[in-house]
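Some notes on the structure that comes next.
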Amino acid sequence: MPTLLNIQSSPRGLNSISRSLSHDFVAAWRIEHPDGKVVLRDLAENNLPYVGIPWITGIFLTTDQHTPEMQRALAVSDELIAELLSADEILIGTPMYNFTVPANLKAWIDLIVRPRVTHSGPPDRKGLVTGKTCKIIIASGGTYDEGLPSAASDYESGYLKRVLAFIGITGVEVILVGGTAAVAFGSTTTEEFTAQFRPAVLAAAR
Ligand SMILES: Cc1cc2nc3c(=O)[nH]c(=O)nc-3n(C[C@H](O)[C@H](O)[C@H](O)COP(=O)(O)O)c2cc1C
C-alpha cells in the first residue's frame, strides 16, 4: 500500500491556487492507487516551531542526555521525520513568497534535515532518505519559467531540489504555476487559470 505525504503550505484555503491544483493531484493519485494512503501535513493549520538552542544542542547528544526542553523540541522533529520516512511519494503544494519558500515550509525543512537521521553528516554527507519521489507545485504571482529573464529570481524551485537532494530525495519534479496575479487582479477566474496547469499536474500524479 503506497503512501503519499501531502504537504501544504498556503494559508489561503479555498482561494489558494497551489492547494486547488494539489487537490487535483491527490484525486488523480487516489485513482492510480486505490489501496494507497494519503497523509496530510498542513503547515498553515498549526505553526511549527523554529529550530532553537534545545533542538540544535539536542541533535548532537544521545537520548539519555536530553533535557525535557530538548525532548520537546526533538519530538516535533521526530514526528515530522517519521511521517517523511513512511511515505513513498511526497507532494509539496506551496506559494512563492519573496522569491523563495514561505516561512512555514522553511520551518518544516529545518526540522526534517537532521544529521545522522536524514543525512549522514561528515565525512560522507550522504542523504539517508532514499527511494522516494517528490512532486512540487509552486504557485506564484509572476512567471519564472525557464528561458525567461525572471527565471533567475526563482530561488524556490532550485532551493527545494537542492535541500531535498541533500537528504537523498533526488527524483523531484517541479511544476511552476506562474501568473496567479491574473486571478488576484480579476482578469481571469481560478477555474480558468488552473485549467492550463491541470494536464501537467495530472500527468505528475501518474
Ligand atoms: C507575502 C507574499 C509574498 C509574495 N512574494 C511573491 C514573489 O516573490 N513572487 C511572486 O511571483 N509572487 C509572490 N507572491 C504572490 C503569491 O506567490 C501568489 O499569490 C500565489 O498564488 C500564492 O499561492 P496560493 O495561491 O497557493 O496561496 C507573494 C504573496 C505574498 C502574500
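Keep in mind that glycine also has a Cβ here, set from the backbone N, Cα and C atoms.
Model, not experiment: these values are computed from the prediction.
So that you can see what the record holds, here are the features copied from TrEMBL:
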DOMAIN    4-184  domain 'Flavodoxin-like fold'
BINDING   SER10, SER16, ILE17, SER18, MET96, TYR97, ASN98, PHE99  FMN binding site
Cβ contacts within 10 Å for SER10 (FMN binding site), all chains included, total 23
Relative to the Cβ position of ILE17 (FMN binding site), how many further Cβ atoms are located within 10 Å?
-> 25
Checking the binding-site residues SER16, SER18, ASN98 for other Cβ atoms within 10 Å of each Cβ, the smallest tally belongs to ASN98
Cβ packing number for PHE99 (FMN binding site), 10 Å threshold = 15
Using a 10 Å radius around each Cβ and counting other Cβ atoms from all shown chains, which of the binding-site residues MET96, TYR97 yields the largest count?
-> MET96
Which three-state DSSP class does TYR97 (FMN binding site) fall into?
-> strand
